Amino acid sequence: MISTSIREIASVLRGRVMQGDPAAVFTSVATDTRKMRANALFFALVGERYDAHSFLSQAVAAGAGGLVVSRLEDLPPGVPVVMVENTLSALQSLAAYNRQRSGASLVGVTGSTGKTTTKDMIASVLGARLRTLKNEGNFNNEIGLPLTLLELDESYEAAVVEMAMRGPGQIHTLCEIARPMGAVITNINETHLELLGTLSNIAEAKGEILEQIPSVGFAVLNAESPFIQREAGRCRGKVIYYGIDQPAEIRGENIRAEGTGSRFNAVIGGQTREFYLPLPGRHNVMNALAAIGVGLEMGLTVEEIAGGLSSVTLTGMRLEVIEGGSLKIINDAYNASPASTRAALGVLKDLAGGRRTVAVLGSMLELGARARGGHREVGETAAALGLDYLITVGELAGHIGEGAVDAGFPPEKVFRRQDYDSAVKILEGLLQEGDVVLVKGSRGMKMERFVQRLLERSQSLSGPGAPIITDN
């Protein structure tokens, strides 16, 4: 955070300094006593199941140099305290103020899937020339995004922030805080369909970011999504399209696998340039095309962009390829939608190179009326790809197995289980040395447990494996 006195902070937050030195200066904030920096300003947030006012003394003991509160109860002595009406609103206001004072050019990334990966790619591209901030992990909501913006100081030249939403108006609120000059919408699919009802409603909610782009700004949009194209008119700035199968200013072609990465050509302004991406999958090439578009609009050279893409590292559990002893594990456990799961199955097939393939797929949540059909389509894809084994986890994921069998997947190689314990027994019985295993499912399914077990199990695999279990 740009250095700010408690007096100035109180003014920005429309609060009052209740105790302590008004001239005290702060350069960082915190909302978690377990992640406290020395002399940070602690915001006592209040949620449905927690109230950080109960931990003010712990915050000071952990190193907090000041407090922002909405109740004057049990205040620790000796530290500055600002009283506000609502601590979350105060956090957001201070973040907006800090972002306003920063000279960084900010790009917002939203969409149904691929947000985190695309954000990581854009940050890597911009980082080839500019000191760039990005939100870490899933700091993409009404708390995480302000905390990210409060990391901005005078040294940053660019920022890339992921914006998530669970309903109308939420992207608008995040944009009011972040004030993006550039936007990326990756795609529109069934994620959150249960919450918003239709794909058109999802597109309209995601499209709120476009209304916040100034006339001197830009939007980089997926040319292969008609829902996104319908929203493009909401942007006052320049609109750039990217795609593979549709005409676009930035178009990918000649995509080929190279080890665990991808090499592809991008046609830009009539000229063809080659890029390498250390990530597998056509969908990741699509994400890379978006990053290329942002890089070009931000003034980077093609050479700088290529260098940034070739060195990108992703946030964990996003198509993370792990050579776990005798197994190759594709850890895509962070979240799942029908579209992203179908793409991950394609990556599993591509990376296998003739080795046995095992897909461990958990239920995909929040699909609403599309729940059964979306799961069945994933199963149909598994059958079409000719995968070797399929294990589903959870009630909804059982429809993946149904769709697979109906599409020709051998029923004796499909195992439908309701919980982790029963599914992991099946998995352990199937494993053989050299197998390639994909693990994917919605966040609520906690599929990373399978990855940890695979890593433990892979060290003990040295022979042909246990007999195949057929009680599916």
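Count begins at 1; order follows the chain as displayed.
A Cβ is built for glycine as well, from the same backbone N, Cα and C atoms used for every other residue.
A quick note: this is a predicted structure, and the numbers were derived from the prediction, not measured.
Under the heading domain 'Mur ligase central', TrEMBL lists 109-294. On the 0 to 100 pLDDT scale, the domain 'Mur ligase central' (109-294) averages 96 in this prediction.
Annotation comment: TrEMBL describes GLY111, SER112, THR113, GLY114, LYS115, THR116, THR117 as ATP binding site. Sequence-distant contacts of THR116 (ATP binding site), defined as residues of its own chain at least six apart whose C-beta falls under 8 angstroms from its C-beta, comprise ASN138, ASN140, GLU162, LEU314, THR315, ARG318, TYR334.
Taken from TrEMBL, the feature domain 'Mur ligase C-terminal' covers 317-443.
Within 10 Å of the C-beta of SER112 (ATP binding site) there are 23 other C-beta atoms, taking all protein chains into account. The ATP site is defined by GLY111, SER112, THR113, GLY114, LYS115, THR116, THR117, and by the 8 Å test on Cβ atoms against their centroid, the other residues of the chain that qualify are VAL109, THR118, THR186, ASN187, ASN287, SER340. Taking a C-beta cut-off of under 8 angstroms and a sequence separation of 6 or more, THR117 (ATP binding site) has the following same-chain neighbours: LEU279, ASN284, ASN287, LEU314, THR315, ARG318, LEU319. The number of other Cβ atoms within 10 Å of the Cβ belonging to GLY111 (ATP binding site), over all protein chains shown, comes to 27.
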